[in-house]
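Quick notes on the structure that follows.
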Amino acid sequence: MVNVIVELSKYLMIILIAMYTYQSYTVFRHEAPARQKNIFRKQNTLMFLIHLTAYLVMYLKTNNLQILFFYAEQVILLAAILAFYHVAYPKASRLVVNNMCMLLSIGFIILTRLSFDKSKRQFMIVAGSAAISLLVPFLVRKMKFLRNLTWLYAAAGIGLLGVVAVAGSRVYGAKLNISFGQFSVQPSEFVKITFVFFVAALLGRSTEFKDIVKATAVAVAHVLILVLSKDLGGALIYFVVYLIMLYVASRKPLYLMGGLAGGSIAAVAGYFLFGHVRTRVLAWSNPWDVIEKEGYQITQSLFAIGTGGWFGMGLFQGSPDKIPVVDQDFIFSAISEELGGIFALCLILICVSCFLMFINIAMQIKDDFYKLVALGLGTVYGFQVFLTIGGVTKFIPSTGVTLPLVSYGGSSMLSTLIMFAIIQGMYLLREDEDGKANVQVQKQKSRKRTGNSEPVSSGRGRRDDKPAKAGRKKEK
């Protein structure tokens, strides 16, 4: 009976997430607030139904009551996040909040399946990170001086990356973390944010050649430190983010072409300089020849994706634990195996929906600084998703990058939640801009109705002065 329920549940979850994904895109076609609110309520219902179905299945497969208590804790957390945004930030993007919670719930589901202990730790990380990030939209809206901290962003980023390069602990051959007893922090995850703010602050103010040289020098410093730390996935993200932001700010294709040429040369040089780069390229180009060594991870990933097919094996019916580092870099493979290819494709489309909302606010907001910040953070998020999924499907060599909001990891989780919160702050600023514009329109309409289309002076303008002088002459 349990096996029948497990078999049916995978089809139910596929239908539910397909409906959720469909709603994520239909909302773009409806501008009426009432219609959008109805869509968002449907999304919340679908998300909690997927969550409930998955945890009921996992309870039936394990007979572990702790899973049900853990499920209840997650429901409280997700509901609290949704409620807080609804009450504290009513003008924030509901779609961004819903997608964020949906991705978090998928992460909880698959991590509980892979390791209950790690999923409990991840829950604590998410709870703490959410508490911190919920204040960020308010700070972004109120702290107008953020654009003035250009060189503080640069110094903080280079300093943190430099500390890791000198005193960091090695993880899979690369210096990534700084350890504090039992805890470790990956500064490069947070420096992504300061790096975007630096580029936006400098290029949002001026795109003269001298300023572009300064920005490029700082960007090169970030990338070189990451290369020396052998964090090539991180270096690639920084490089692409800077290139996109530079092109959009300057609107000069020459910079884009020059950056791509320089990046290609650097990639070839990296292949010959770093042995682990050659290993990853070998594992990517023909993993079947080295299936017992360098190609083991990617081949197991491909086996898992192929075994799952379109509809998946069902929770606890596959063998995702055979994939090394499955809860971090290769979590997409585990999702594909047990929840199915259709579920995995819907997950990708939800990530794309998040990326589109990042770019949407970048296009709508008028301030150049915030426009570039939204573009930069959107590029960070979108490119990181591409690197993760491209690596596990053998589309590109594996870079060791995690899937945002889904993979296990503390620094990645906190930095991603902060990025989403910053974007929500941008939506609040956009609403402020629209509010000011509406006030100006109403003032102009009011002046036209009174027959005076000229702006009212403070008492120093000509139109005010002349009648006053005329009045004094008459008095004389």
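Any Cβ shown, glycine's included, is placed from N, Cα and C.
A TrEMBL annotation is a machine prediction, not a hand-curated record.
What TrEMBL lists as transmembrane segment is 12-32, 44-62, 68-88, 95-116, 122-140, 152-172, 215-248, 254-274, 295-319, 339-360, 372-393, 405-429. Summarising the annotation, TrEMBL assigns region 'Disordered' to 438-476.
Contacts between the transmembrane segment (95-116) and the transmembrane segment (372-393): absent, as fewer than 3 C-beta pairs lie under 8 angstroms at sequence separation of six or more. Counting C-beta pairs under 8 angstroms (sequence separation of 6 or more), the transmembrane segment (12-32) reaches the transmembrane segment (339-360) with 3 or more such pairs. As a quick check, the transmembrane segment (372-393) and the transmembrane segment (215-248) clear the bar of 3 or more Cβ pairs under 8 A, pairs 6 or more apart, so the two touch. A Cβ distance under 8 Å defines the sequence-distant neighbours of the transmembrane segment (122-140), meaning residues of its chain 6+ beyond its ends; these are 70, 73-74, 77, 81, 84-85, 88-89, 92, 104, 107-108, 111, 146, 408, 410, 413-414, 417-418, 420-422, 424-426, 428-429. Relative to the transmembrane segment (254-274), the listed stretch 215-248 leads the set 44-62, 215-248, 295-319, 339-360, 405-429 in CB pairs under 8 A. The stretch in 44-62, 339-360, 405-429 that contributes the largest number of Cβ pairs under 8 Å to the transmembrane segment (68-88) is 44-62.
Proximity of distant same-chain residues to the transmembrane segment (295-319), defined by a Cβ-Cβ separation under 8 Å and at least 6 residues beyond the stretch ends, is recorded for 6-7, 9-11, 14, 54, 57-58, 61-62, 109, 113, 282-284, 286-289, 325, 330, 333-334, 336-344, 392-394, 398.
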